[in-house]
Amino acid sequence: MGLLAYLKTQFVVHLLIGFVFVVSGLIINFTQLCTLALWPISKHLYRRINCRLAYSLWSQLVMLLEWWSCTECTLFTDQATVDHFGKEHVVVILNHNFEIDFLCGWTMCERFGVLGSSKVLAKRELLCVPLIGWTWYFLEIVFC
């Protein structure tokens, strides 16, 4: 067992990763709250800043999925379709069977450079979830 594999099993490391995610998420949400002052001045600038802030939060979760859990997400498609990824608007519908399916979707978004600007259609109850729901609010996510 290597040092890295040993560290992945330690509760203190789990606690540290969770702490970093929560603290950075709260800082990001506070910064997003401050960007609301930009909304009347420049909606484009507001959206750009919030996409960057969301990327910095979502990329932590993508890292945990890929590196920590050693999960591999595979996309099966033709090369012509892959050539268009990240260059045009698309709607992706995931067959949401498990709790972490959205992370696999975010992994694909990260691979094609659209993680920060990705949108979801979410239940209204998720608006009250700290960090993720609040970030979605500032990204102008549609809540049903």
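Every residue gets a Cβ built from N, Cα and C, even glycine.
Over in TrEMBL, the protein carries these features:
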DOMAIN    87-143  domain 'Phospholipid/glycerol acyltransferase'
TRANSMEM  12-39  transmembrane segment
Helix, strand and coil totals (DSSP H, G, I; E, B; other) for the domain 'Phospholipid/glycerol acyltransferase' (87-143): 23 helix, 4 strand, 30 coil
Positions whose Cβ lies under 8 angstroms from the transmembrane segment (12-39), at least six residues beyond its ends: 45-46, 49-50, 53-54, 56-57, 60-61, 64, 68, 130-132, 134-135, 138
